[in-house]
Amino acid sequence: MAVEELVEVKFRLADGSDIGPSKYSSSTTVGSLKEKIVAQWPKENENGPKSINDLKLINAGKILENNRTLGESRLPLTEVPGVAITMHVVVRPPLPDKNSDTLQDNAKKKGGCSCSIL
């Protein structure tokens, strides 16, 4: 019976802090990793993710897809044995309020061009 490989991963947030490192099975999906990040998100950080759709995970410059497994997303050539893989976490900025968008659009329409023709 084959023993499933465990992969040590830490998640680097935009402010330079980390979540983890923790060990995960190589069959763990990127979507479930994102769920763990949302659950462990530091409460003192503003603008935290509300769901996994607010997050992007990046490993070695590649954005990881939710349905892929950790094993499929790894890049062994960039990994150092015995060192946790660092994945970068990008949080989608909150969507602007629709009312404020309408006000901005109206202001742009009224502004027009400020050039003068001589």
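Here the Cβ of each residue, glycine as well, is placed from N, Cα and C on the backbone.
Region 'Disordered' is the annotation TrEMBL gives to one range among 23-46, 95-118, and that range is 95-118. In terms of DSSP helix, strand and coil, the domain 'Ubiquitin-like' (7-75) has 18 helix, 23 strand, 28 coil.
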